[in-house]
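A short worksheet on the structure shown next.
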């Protein structure tokens, strides 16, 4: 355990010298009789790129009309150090500032000598035209807009928070995000996996302490996977989940879960070679099995986790924009660890279970859970009616193996048998429903029902970025881009639950609807996702008059979507 503490401490110390945005760039403004000035004071070892410096008055670029100071040369780039003064004489202002209240926009990007590049920065100033003079306001970050206009998406605000706040506040906040995510369905697929692994390792020496230790190993490596995958994904410019959701990869991991299930049934055992077992036994009497727990924790985060939530997307946007992979990776690690806190309590609770013969039934139960997880993984690439058939068959076998035909004498055994009868009845219904083409788990015997949600909304399918860009700029109607994929579970939920709602269908009649299918994760799709700052479906982006107004990452209910898009 001590080594984990050392690793985390070293991880944190890496950021001791990193300046926050406020420390790196201090923007000021002043008004004079014949001019105004904008000053950018730079922190220690910070420099600005001259070709990234832009100044606008009422959306008109006046960068080429400003007398800039002499720049320094750094490699092949012209840069500014220490302080940059931008003087704007009244004669220039009178040419472009025709209104009483005008808007000045300043854009720049800077880096530090340590190799860190900050987000491109945008600052705004109000320019008031008075008789024979101009007055400039103090700088502010967010452009003032009508209350009905929604500019910043949730993940963008999180990315900006990463870029501007204190390092330890960032980690604490992302730990809080993780705790909130633990209250959502994101964590549910992890529970049966961890529980079955712990039960599989049970023996006479099984204890609360050891159970908690196994849970910690699982959560630690799950968190490590999120951090590593996030950093790699940012460098690739696409979601690592998109790569790992290829059909061949999904089939491979489904086979792994099937293998674990048969191991639960006692068909075979996973064991290290004898030489390694002897080495581990010498190091720790309880060491055997920890490697397997760690591997499953790592893989569970990459494959089983169904959510690409706003905190994750926000961290990825920050990493991609700045190259600060360590800070973004740390935030992802802490967020994932917070998300795994309930798993630690589950492991601790399993430690109170006393082993005995009845545990064999528990292992069989979790074996079927593993098979259910394998089917769930394959549901991303197989038609829904075939998935119903598979679950129906699994339910029948589960009822038999768990003792539906055994005699019942006690109240507990009778309750158990009643539950198994209900499971058997439901399993037969979804099996028959699947045979006749049904796709709804809640209404499997309604054979004539065809999901209206898939046909209620009319979409155009465009995957080419240039075509999307042209459509956004030229279309007179508001536009909704729907980033989706065949393997995306939450995308299916959006279609089945949110976009089947009559209120949403009615509201969407005012929009041009475009689906962007990123199932294949090819170069064109990766480019499109990168251009729109999308790190994994589902993502909904709303445009109006060629400008992005709202971005939603992950599943959203019909009620919540209406609140966001209604004026």
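A Cβ is built for glycine as well, from the same backbone N, Cα and C atoms used for every other residue.
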Of 113-133, 134-154, 386-406, 449-469, the range Swiss-Prot labels transmembrane segment: 386-406
Same-side flag (membrane), residue 62 vs residue 361, source Swiss-Prot: no
Range annotated as transmembrane segment - as stated in Swiss-Prot, picked from 191-211, 212-232, 485-505: 212-232
Given ranges 362-382, 509-529, 530-550, the stretch to which Swiss-Prot attaches the annotation transmembrane segment: 362-382
Of the residue ranges 59-79, 80-100, 248-268, the one that Swiss-Prot records as transmembrane segment: 248-268
Contact between the transmembrane segment (386-406) and the transmembrane segment (418-438) (at least 3 Cβ pairs under 8 Å, separation 6+): yes
Three-state secondary structure, which DSSP defines for residue 491 (disulfide bond): helix
Interface-richest range of 212-232, 362-382, 418-438 toward the transmembrane segment (248-268), CB pairs under 8 Å: 362-382
Around the Cβ of residue 491 (disulfide bond), the count of other Cβ atoms that are within 10 Å: 23
Inter-residue C-alpha distance, residue 491 (disulfide bond) and residue 111 (disulfide bond) (nearest angstrom): 38
